[in-house]
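S.K.: Quick one: this structure, given as structure tokens, is what I'll be asking you about.
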Amino acid sequence: MSISSDEVNFLVYRYLQESGNHISQSNINGALVPPAALISIIQKGLQYVEAEVSINEDGTLFDGRPIESLSLIDAVMPDVVQTRQQAYRDKLAQQQQQQQQQQQQAAGSGTGPQGSTKNGEPAANGEENGSHALANHHSEMMEVDRDVEIPQSKAMVLRGHESEVFICAWNPVNDLLASGSGDSTARIWNLIENSTGGSTQLVLRHCIREGGQDVPSNKDVTSLDWNSEGTLLATGSYDGFARIWTKDGNLASTLGQHKGPIFALKWNKKGNFILSAGVDKTTIIWDAHTGENEVNAIKWDPTGSLLASCSDDMTLKIWSMKQDLCVHDLQAHSKEIYTIKWSPTGPGTNNPSANLMLASASFDSTVRLWDVERGVCIHTLTRHQEPVYSVAFSPDGRHLASGSFDKCVHIWNTQTGALVHSYRGTGGIFEVCWNATGDKVGASASDGSVSQYRALKNSHKKRSL
């Protein structure tokens, strides 16, 4: 047997990937390696060491002992086989010595081994503390109480999946059982009692589009959940897509927004929204009817009395803690609103004399500044050429920084809407932020770079980190 370092490294990386870490590049085709491969091979190695300790070369149990269970740390200790076997020999010799002493004491009192007692009951064959008594006790512990054992006639094993089955969930209305597996399928098992006593299954194959065709994703189905009415089943997959299926097994919609595997997924009580969580450290709320990512950002104002939300429906809503309905439903952007930011101004802030504002960044390449009290757009900032992913107010609220996938960071005057400074980086801008004194702007980019910019007037120094 030969094992290359590349194979070992890949199995380790595979385990890290399954536990939520990122995997580096490898020449091994991951689709051919089954899930939990590393754990499986470790278990087999552990079982082999246990067999070495407990079984002789001719296949018989070592000194009649049952197979000993070892921990993984025990199994990797030096000379574990010889050490464990010698320890058992010493223990057995001690037990035999105790037996002989008890027999001698019994002979001196005029009773034989058969007459020894324990709690007033005769001992079996005089082997109260012998190895056979230990073995018998072990076997008794393994027996199932017949009063609680479920008979085979009342159990049903559902076979059909071709790999590990990670999750299952009952339909809340009917006897339909959904299951998700590493074979890139979910299945709906019809267990409604009928005359045949059998079951039928619907196979929900998780496919992706490649070259204009649907091909199996070869990724694990990691999560599933029924809606409260039992009419729809949502599934989450390692391929990063959430899917909605009818109880008849038909694909209703595919929800693609995560940048990594989905590991949790849940319907709300009304059944109109789905919440999904992924390895990309994001949670997404989906509209189950349209398949759209409903809410992209939720932000409190500086005083905690107002709440703003933005959505893929191109609307910006402002809510007050004093009433149930939204205060303003603002509609002006022509594409999805990605994020929003409150200004550090208004009553209760360090800048109480300035009006409270809200900035919104959209995939329509614009940034809008809103007067919150009146609910109107006061400035539309239009110099970006690509979707805007981030906005940030300076500590005094007088300036706004915006970052776009056009690689540009713009700094605007919030009172006039004029462009004050502009910097072009080396990658699409994902995030912008100000330092505490308001004279520097930091930016992170898609090419892996982090930059800082001097934002003071007449200062145009840039530094990449």
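Cβ coordinates are placed from backbone N, Cα and C, and glycine is handled just like the others.
Under the heading region 'Disordered', TrEMBL lists 88-131. Feature annotation from TrEMBL assigns compositional bias 'Low complexity' to 94-105. What TrEMBL lists as repeat 'WD' is 158-191, 221-245, 255-296, 293-329, 330-380, 381-422.
A description of the local structural setting of each listed feature is requested, covering burial, neighbours and distances.
M.R.: Counting only same-chain residues 6+ beyond the ends of the repeat 'WD' (158-191), those with a CB under 8 A from a CB of the stretch are 34-36, 199-206, 216-226, 228-230, 233, 235, 237, 245, 247, 249.
When the repeat 'WD' (221-245) is classified with DSSP, helix, strand and coil residues number 0 helix, 17 strand, 8 coil.
Tertiary proximity for the repeat 'WD' (255-296) is limited to same-chain residues at least six positions away from its ends with a CB under 8 Å from its CB atoms, namely 20, 219-220, 222-229, 232, 234-244, 309-313, 336-339.
Summed and averaged per residue, pLDDT over the repeat 'WD' (330-380) gives 93.
Taking H, G and I as helix, E and B as strand and the rest as coil, DSSP gives the repeat 'WD' (381-422) the counts 0 helix, 23 strand, 19 coil.
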S.K.: Please list, for the compositional bias 'Low complexity' (94-105), how many residues fall into helix, strand and coil according to DSSP.
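M.R.: Helix/strand/coil tally for the compositional bias 'Low complexity' (94-105): 12 helix, 0 strand, 0 coil.
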